[in-house]
Amino acid sequence: MAGPVSLRELLMGASAWTSSESPEGSPTEGGGSAAGGPEPPWREDEICVVGIFGKTALRLNSEKFSLVNTVCDRQVFPLFRHQDPGDSGAGIRTEAGAVGEAGGAGDPGAGAGAGAGAGAGDPVRGGVTAAEGNRTEPGSQDYSLLQAYYNQESKVLYLLLTSICDNSQLLRACRALQSGEAGGGLSLPHAEAHEFWKHQEKVQCLSLLYLFSVCHILLLVHPTCSFDITYDRVFRALDGLRQKVLPLLKTAIKDCPVGKDWKLNCRPCPPRLLFLFQLNGALKVEPPRNQDPAHPDKPKKHSPKRRLQHALEDQIYRIFRKSRVLTNQSINCLFTVPANQAFVYIVPGSQEEDPVGMLLDQLKSHCTVKDPESLLVPAPLSGSRRYQVMRQHSRQQLSFHTDTSSSSSSGQLVDFTLREFLWQHVELVLSKKGFDDSVGRNPQPSHFELPTYQKWISAASKLYEVAIDGKEEDPASPTGELTSKILSSIKVLEGFLDIDTKFSENRCQKALPMAHSAYQSNLPHNYTMTVHKNQLAQALRVYSQHARGPAFHKYAMQLHEDCYKFWSNGHQLCEERSLTDQHCVHKFHSLPKSGEKPEADRNPPVLYHNSRARSTGACNCGRKQAPRDDPFDIKAANYDFYQLLEEKCCGKLDHINFPVFEPSTPDPAPAKNESSPAPPDADADKLKEKEPQTQGESTSLSLALSLGQSTDSLGTYPADPQAGGDNPEVHGQGEVKTEKRPNLVDRQASTVEYLPGMLHSNCPKGLLPKFSSWSLVKLGPAKSYNFHTGLDQQGFIPGTNYLMPWDIVIRTRAEDEGDLDTNSWPAPNKAVPGKRSAVVMGRGRRRDDIARAFVGFEYEDSRGRRFMCSGPDKVMKVMGSGPKESALKALNSDMPLYILSSSQGRGLKPHYAQLMRLFVVVPDAPLQIILTPQVRPGPPPCPVFYPEKQEITLPPDGLWVLRFPYAYVTERGPCFPPKENVQLMSYKVLRGVLKAVTQ
């Protein structure tokens, strides 16, 4: 054979000339490429097949390649190899990558090696192995390479397996994991990386199964002098896999021209396994210091290496016998070992190899003039002779290069060389004696067959198709069907190879019940997603304390699924929260549709939300209280409850109705918030710019007027034409006319789309809700409020039901002009000029310059307790006949939307009261009181809420009540009430809620 080729190319080339040959055709002499072309001259040779596998160390050249070079006594594999094209590491040399060639193109002996391969298209030429044909793409994750070399002189076919156990392939696999090629561009987690390595072990086992099915002799190469106990597990796995797939292999070779026993056992004979160990440098025996290395003493009977060899043989045999890999009858074993022959060979140790130094030393030896004879031009050396010269002149020996002398460097006797060790077994094959390795009282002879090259190719091709190459075949084809069955049988390897996963699964399975118990501890019957996640986190902590290994993630996911199934199977609490931030107490259910009745027996039940929380609230005007359920939607919170009380209490009172959506189509749609809302800070600045100045800032009060001297008399004034009692808005129909431009919302209200929530500063312009969350009711005329007794309504805490006075200075036209005609009639309620008023106020001011309004900010808690506040965080307390404080402080401040209730319960949680109503007594005077409520129910970026009409002019002579919304909701969800340790001033009613404009 020209040189080593991939086994795939060898079998495909042989199949090509086998299928094209004629009955009279004769073999073509002169050799040729083994991968195709003319048929080889050795097709009728009876061959011995030797398989080589094992592990390699961190060396520049593989021990397997050096072994073949040594046994064949020629350079079959080059000493240096070009770097693997698929290898990205330019600075690391492996057996699949090197920097040059061994030998020269003009070397005659290389005609059967590297030199001849160049002309025949040999892929070994140039250092790139022919195993590239068997190499797959990185994504396929196959790092097993099979190479073949046939030595025609010795009639031995060498099969070399390079797998994940070799340094070069291990390096490629690690780089694929590091770069993400094995994970589709992503780094693999621990469990998937473990699966990757176990997959490579299974692929290696398939290649080993193939070698054990087609070889007579197998060489196990190991880079140390100690036996790797993991091979016992691998061989037991291979034996189990072989017994599993034996019927499939029989089917594959049933038509091959081989013997009956071969077809029955799917192998030419039970292969004999030999072991080659590399002696460590630490165990190398050096000669005594006073002894001349050139003249050693007489060697002892048993050298240390021989004793180590015997010890390894005994150890290996005992291990395999105990694990029943070896039995008395060799025909039933995966392999055999000889009973009366050495099956362990120890390669003498050497220092770390340096092929570059070896070549430099060889160059020196050729260039140094030693004697006159060396001046003569030497004759060209043959390939074999050239190889011997390289060995003799090398400064350091390669891994398996052994001297042919009978003495080692330590003076100990070495019985045979590596070639002699191997050839004693090869000769048994070539002489057709076979292996008689059965032991016991009744040993049964094992079958043996020495095939010709052509017959071996026929059987090996079929096995290669179904065991290795058939992974890419169509599963419907016969070959693909057999391969799929073989691959499905690989699961038998898991019990032998994946011990880590097996232990990990047992460990994780024991940890699962403990994690389940931790999850279910202290659980209510129904609970929410938050409780589920907290309990699951506790269960995972318990699980992580006991679970280990690659199955950790798998059973952690199972724990997730088990806990979720437990929760969703009748233990799932409704996730809906009320507008007061309380959970629905029902288990998972659906809401009744329009006209559908609740059904608790259905699965899931059809029920309305219910948090079992009830509170007491007053109606729009505040005169009647009633219990209310915890609301879950904005309509029930701000409209339905008050509409029910309207029929019993407030229905006959005068209202100022806010504009709402009036559809022009039968099926109006809710609007989508497509407009970009203005920044909250900008809105706040604009609103503050629009905040009106109260009377205390625009006009000065009389210094002579004191709260103690004030009276209830507000005087009688003519009705203002713009705010007279005949204004239709007083009766709830029209709008109060003001000098300001109407709002954009009022001008461009849509009749097609409605606002699904409440009106606030981030809403799209031109949209109105279907109902108003605000209410403005007139309780009666101004005189219906008694300053001394306060409001006569239910639920007020004693001493807190008073309105604060708000004194407003009114300048009449006569006083401003100062020169009235004495002949003209005085204005109503005015004195005749020239006469002083009966009551003289301080500084000579007239009493009729002052008008008094009353303002009250009412807070209400969930238990129906009501009270007024005279300022931020200040509950009103009136002990006498009326409040002493003015309303100016409250009107010029941001009033809190929530305040601590004056009557806290026994619980530790604080109890809050909410601003629900604003009472305003408008005097019958020539002035206008404009109402502009603006509420921010949370810290920024919470928007500002306001009614559908931002500025409302209150008609004179009335006791008006503005009812604030019970809940505030945006498109993103409700604005929940404050919790503990929250700044209450972030929830506020902006100052400027009232302003007075004099006529």
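Each residue, glycine too, has its Cβ placed from N, Cα and C.
Annotated compositional bias 'Low complexity' per Swiss-Prot: 18-27, in sequence order.
Annotated compositional bias 'Gly residues' per Swiss-Prot: 100-120, in sequence order.
Per Swiss-Prot, compositional bias 'Basic and acidic residues' is recorded for 287-297 (among others).
Annotated compositional bias 'Basic residues' per Swiss-Prot: 298-307, in sequence order.
Feature annotation from Swiss-Prot assigns compositional bias 'Basic and acidic residues' to 683-692 (among others).
The feature compositional bias 'Polar residues' is assigned by Swiss-Prot to 693-714.
Summarising the annotation, Swiss-Prot assigns phosphoserine to Ser477 (among others).
Sequence annotations record features per position, and here Swiss-Prot assigns phosphoserine to Ser676 (among others) based on similarity to another entry.
For Ser750 (among others), the entry in Swiss-Prot reads phosphoserine, with the evidence type similarity to another entry.
Under the heading phosphoserine, Swiss-Prot lists Ser903 (among others). Here the Cβ of Ser903 (phosphoserine) has 12 other Cβ atoms within 10 Å, regardless of which shown protein chain they belong to. Annotation note: Ser903 (phosphoserine) sits in a coil segment as assigned by DSSP.
Under the heading omega-N-methylarginine, Swiss-Prot lists Arg906, citing similarity to another entry as support.
If you look up Swiss-Prot, you'll see 15-42 (among others) marked as region 'Disordered'.
As annotated by Swiss-Prot, region 'Disordered' applies to 83-136 (among others).
Positions annotated as region 'Disordered' by Swiss-Prot: 287-307 (among others).
Per Swiss-Prot, the feature region 'Disordered' maps to 661-734 (among others).
Rounded to a whole number, the C-alpha distance linking Ser903 (phosphoserine) with Ser750 (phosphoserine) is 46 angstrom. Annotation note: Ser750 (phosphoserine) sits in a coil segment as assigned by DSSP.
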